[in-house]
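Student: Sharing a structure below in structure tokens format, with a few things to ask.
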């Protein structure tokens, strides 16, 4: 028994959502990769659900020839592997054509890290604009951006976790946030005094807006989700960076998450604690920050030791 590729993809995504609790971003990524592979194979008369190992290898070779990074190729293969395992487990296939395929080797780049000084400049600029904004529309945006930044640097949340915070988390114990992360796993993260103050100022103005009682999100917006889109936050952050005299290209929500982790380790935090705060399932993901510190230490010695080579 075989299935149309489009129906097979929809069934797979439904299973990933209902049974495994996959995040919306993960589902969208799977959809893009699977539909791209299905379209490419359909042009050659092959149904993705019936594809053989050679067909899958061909799609990966095409990606490589088109200049896609090894990480993109590995992501595509991962999506296909999950897809065919689903078809096998449901009895629609007798084999897994991805079983003998290997993802191209990828070197993990060291994360970009902002210095404490530059993070300070960014936060100071956000606080200044929040205090000086007079026009109501500009004031709510400035207070929101300041609250987002202080919370992000205080907690190291993923940007999707940050913009998707329910308003209830800011109305309970202000010293901590209860965050629902990847795989629907909850964790508690402490809030700094500055973050609590910035959130409270924003929340006071937010609650005075018409319709605010009906929106469950801490950072509401006129969007499909009902909360601020992560792309909007990233764009506002880059604008703030430019106004603070920083290179906009070097600043993003993810860079601030990296800064949170790196600065904690620089000041003596242990790796396990940082792992828990970041919500990493595997400590090997967190260990990349120790490599960043090692690189900086090596550079420091090389530049300043009188007998260094």
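Yeah, the Cβs are placed from backbone N, Cα and C, and that goes for glycine too.
The structure displayed is predicted, hence computed values, not measured ones.
Reproduced below are the annotations present in Swiss-Prot:
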type	residues	note
DOMAIN	3-88	domain 'Core-binding (CB)'
DOMAIN	109-302	domain 'Tyr recombinase'
ACT_SITE	158	active site
ACT_SITE	182	active site
ACT_SITE	254	active site
ACT_SITE	257	active site
ACT_SITE	280	active site
ACT_SITE	289	active site, O-(3'-phospho-DNA)-tyrosine intermediate
Student: Quick check on the domain 'Core-binding (CB)' (3-88): DSSP residue counts for helix, strand, coil, in that order please.
Tutor: 68 helix, 0 strand, 18 coil
Student: Tell me which of the active-site residues 158, 182, 280, 289 ends up closest to residue 257 (active site) in space, Cα to Cα.
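Tutor: Considering only the listed active-site residues, the nearest one is 158.
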Student: Provide, as an integer number of angstrom, the distance between the C-alpha atoms of residue 158 (active site) and residue 280 (active site).
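Tutor: The separation of the Cα atoms works out to 11 Å.
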Student: Round to the nearest Å and give the CA-to-CA distance linking residue 289 (active site, O-(3'-phospho-DNA)-tyrosine intermediate) with residue 182 (active site).
Tutor: 20
Student: Roughly where does the domain 'Core-binding (CB)' (3-88) sit in mean pLDDT, to the nearest integer?
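Tutor: Averaged over the domain 'Core-binding (CB)' (3-88), the predicted model reaches a pLDDT of 92.
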Student: Going by DSSP, give the three-state secondary structure for residue 254 (active site).
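Tutor: DSSP assigns residue 254 (active site) to helix.
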Student: To the nearest whole angstrom, what is the C-alpha distance linking residue 280 (active site) and residue 182 (active site)?
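Tutor: Cα of residue 280 (active site) to Cα of residue 182 (active site) measures 9 Å after rounding.
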Student: If you measure residue 182 (active site) to residue 254 (active site) at Cα, how many Å is it?
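Tutor: One finds 16 Å between the Cα atoms of these residues.
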Student: State the count of C-beta atoms found within 10 angstroms of the C-beta of residue 158 (active site), not counting that atom itself.
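Tutor: There are 21 of them.
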Student: Kindly assign residue 280 (active site) to one of the three DSSP-derived states: helix, strand or coil.
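Tutor: In the DSSP reduction, residue 280 (active site) maps to coil.
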Student: Which of 182, 254, 257, 280 (the active-site residues) has the most other Cβ atoms within 10 Å?
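Tutor: The residue with the densest Cβ neighbourhood is 257.
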